[in-house]
Every structure is written in C-alpha cells, then in structure tokens.
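*Asks:* Not my notes, these are from Swiss-Prot:
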type	residues	note
LIPID	GLY2	N-myristoyl glycine
LIPID	CYS3	S-palmitoyl cysteine
REGION	59-79	region 'Disordered'
DOMAIN	98-355	domain 'Protein kinase'
BINDING	ILE104, GLY105, ARG106, GLY107, SER108, PHE109, SER110, ARG111, VAL112, LYS127	ATP binding site
ACT_SITE	ASP218	active site, proton acceptor
REGION	378-408	region 'Disordered'
MOD_RES	SER380	phosphoserine
MOD_RES	SER381	phosphoserine
COMPBIAS	381-398	compositional bias 'Low complexity'
Amino acid sequence: MGCGTSKVLPEPPKDVQLDLVKKVEPFSGTKNDVYKHFITEVDSVGPLKAGFPATSQYAPPCPGVPNTGHTAPPSEPPRRARVAKYRAKFDPRVTAKYDIKALIGRGSFSRVVRVEHRATRQPYAIKMIETKYREGREVCESELRVLRRVRHANIIQLVEVFETQERVYMVMELATGGELFDRIIAKGSFTERDATRVLQMVLDGVRYLHALGITHRDLKPENLLYYHPGTDSKIIITDFGLASARKKGDDCLMKTTCGTPEYIAPEVLVRKPYTNSVDMWALGVIAYILLSGTMPFEDDNRTRLYRQILRGKYSYLGEPWPSVSNLAKDFIDRLLTVDPGARMTALQALRHPWVVSMAASSSMKNLHRSISQNLLKRASSRCQSTKSSQSTRSSRSTRSNKSRRVRERELRELNLRYQQQYNG
C-alpha cells in the first residue's frame, strides 16, 4: 500500500458498521475451460502494451551486493539527523505521545516509522499518509474502512488515528518477523506441515474478513507478515489498500480491476463482476508457491501469462511434486479452478482433510527445491529498491511498483481483441 501510481484503486464501499479503533483524533472443482472461447487464437495476438520489511534474518541477500551489515554509506546523513527530519513532519499530538525511533519504509505518498509509546515503552509502527494527494487519500480511506472494523489475531491491528488537513497518522501494531515472501526465498524448503500451518492462519483471517463482507483483493506472500522472527510466529494479513468492504445485504459483486498479475483470478481478467472467491484463487497460488518455490502461472509476457490463468493451466511436473501428497494437490486444485462457483470457500478450505490433519499423511520431509527465476528476480529488484536496513514493519508502504500491477488498459485491450475475434 502506498505507491503513488502503482495500483488500480477499488471502488468506495458503502457505510461501514463497526469501529473498534481505540481513538480517532480529528483535525481541531470443475474443468478449467470456462473461458475457452475467450483465449482462442490468443497466440496470434501480439503482446499487450505494458503499461519494505527490509532485510531481516529471513530476507535473502541482494545479488551482487556485499554484506557489510548496516553501515551507512558515507553520503548518508547520520541516523539522528534522519530521525529528526521525519519527526519534524509529525503532528505535535503524535510526538507528544510517541517517540519516533526509525524510518522503516516509504512509498510515493507515505512513510512508516517505528515508534515507542512514551508512557508504556510499547513499540508500534506509525504510517503517515499524505492525504493532500488524491491517490494517497483514496488508499488511506480504503485501508481505514477495513482496519476500523476488524479485530483478529491474524490481521494487522490499528491502534489509533490522528488526522490533520494534509496527513493521516495510523498507529498500528508492529510486526518484526518479515514477509512470508522473504522466508520462502531464504529458507529454500518447507514441509507440508509448515505449509498447512501458514495456510491455516491465513485462511482463518480470510474467513473472518469474508464474514464481514471484506475482500482483500491483493493476497500474496509479500502481504503476509510474521509477527516475530521465531519459527512459531503467527502470520498477519496486511495491506488493505485494494480491499473492498461492504455491509451485509449489500450487493456482493465487485467490478474494479485490481491486483497483482500472477495472483489475479480469471474472472477479473475478463472484467466480469466477481465475488470474494478471488481471494481463494490467490490462496491457491500461495499454496503452490509454498510447496514448490515456483508460481503456477508465470511468464514475462503478460498476454501469455493471462492465457495460462484463463485456462487454469498449471502442472505438477518436476521437483518437488513427486514428493508432495495427493491431498496437497487436491487442495490446490480445488482453489485454482477457473469457475469461481466451484472454488472452495475459506471455511471449506479450513475443513479440507489436508489442512485439518496438518498434512499428517505426507512424508514430513523438507521439500527441497530451487526457487524459480521469477521469484528470484522479484527478490533482487526488491532488494535494490529497499529504503531501510531495519527488520521491523507493520503494514507495507512500498515494494509493489508500476510494472507489478494489473492495468485497466491492458485488460481493455485484451477484451477488445477478444470481441474482435469473437465477432469476426
């Protein structure tokens, strides 16, 4: 959340029904050929026009960059000066209550700092968003609509909010364990039990969100944080900048094109009204990555990537799939089904035998595998763009750049070409 022009923003939802923030201080299954007709002859069409924890003990080293610890380059100002610079941007009400410790992330219109409550010495994170910019305001409003309503162990918690005419300061719990993405890259192997433990926590959070009428719409390993660096850490869902929040009884269908290409559901690609089942598709992709270190759908060419997704075309060839249990594959298959009506719900996924048994029927051995070049490339680009050497984070404010987002224009062109082929 927070990159200035990197996201297609969601439509604003209706009024929310619950506010659990402590305080707000205002300014004084089926065959995967549902879209077979859509992707016919797509090969004849040219490519579509294209258009922060930072390092932790689990974050992979940046390729080609020597590990010199956290020593700042000579040109970098002293840490105290940097902290003072950002402290000056904070409303006096905030600094009277919280001691600004370090900048831990930034985006085009947001900054995230690690702070300490002056009275209790409890650490928190504060996200400062520049709401004078339209996109910053819209993303902020979207995230607040969700965070003011939720209280769940596996969802990032909002503590309080301070508002001025040009900025919003969101005080949030601090997660220090890094992203799931980083552990996937650095760890190199997971047992099936490891994977089911992660998925149980994420599914429980998603089930809770869906029961409230909230659809995340951008679930991926980068948006799943470990609460602390230990192996027994819980997982926290974060980054609700693209989320849709609706009251019970409202129309549950959404139309906004948004998300990250490799995790986007087929029905979004064809610009059909969709439901919260898009989150379940993304969880299928995440499960596949956890077990194999590769993505089920990946291609540098967006047209070919979208074609794979529309067909639900993925395979279990090569390592480590011969060592993966049939129950694990069945779990993935029931999520990566092109027909959203046949996809498992979060509750059904939690009750799947593989998850319930914590993969008891699997061999419990590490699934040794090489990480795909796609994931390594993404990790490398993120290393180069990381702005902080701290290992603490709350809610992401950067990481996803323009090239990693689904673009409305791309899908308009994709649909136009389909219509021309279909009508011709």
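Every residue, even glycine, has its Cβ placed from backbone N, Cα and C.
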*Asks:* If I take the alpha carbons of SER110 (ATP binding site) and ASP218 (active site, proton acceptor), what is the distance between them in whole Å?
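*Replies:* The Cα atom of SER110 (ATP binding site) is 19 Å away from the Cα atom of ASP218 (active site, proton acceptor).
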*Asks:* State, in Å as a whole number, the widest CA to CA span among the ATP-binding residues ILE104, GLY105, ARG106, GLY107, SER108, PHE109, SER110, ARG111, VAL112, LYS127 given in the record.
*Replies:* 14
*Asks:* Helix, strand or coil at VAL112 (ATP binding site), per DSSP?
*Replies:* strand
*Asks:* If you count other Cβ atoms within 10 Å of each one's Cβ, which of the binding-site residues ILE104, VAL112 has the most?
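*Replies:* Counting every other Cβ within 10 Å of each candidate, the maximum falls on VAL112.
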*Asks:* Can you grab the distance from SER108 (ATP binding site) over to ASP218 (active site, proton acceptor)? Cα atoms, rounded to a whole Å.
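*Replies:* On Cα coordinates alone, these residues lie 19 Å apart.
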*Asks:* Which one, from the binding-site residues SER108, SER110, has the smallest tally of other C-beta atoms lying within 10 Å of its C-beta?
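*Replies:* It is SER108 that, of the binding-site residues SER108, SER110, has the fewest other Cβ atoms within 10 Å.
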*Asks:* If one looks at the chain holding the residue listed as 'active site, proton acceptor', which residues at least 6 apart in sequence have a CB under 8 angstroms from its CB?
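*Replies:* Same-chain residues close to the residue listed as 'active site, proton acceptor' (Cβ under 8 Å, separated by 6 or more) are ASP239, GLY241, LEU242, ALA243, CYS258, GLY259, THR260, TYR263, ALA282.
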*Asks:* Let's check the environment of ARG106 (ATP binding site): how many other CB atoms sit within 10 Å of its CB?
*Replies:* 19
*Asks:* Could you say whether, by DSSP, ARG106 (ATP binding site) belongs to a helix, a strand or a coil region?
*Replies:* strand
*Asks:* According to DSSP, collapsed to three classes, what secondary structure does ASP218 (active site, proton acceptor) have?
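*Replies:* Coil, per DSSP.
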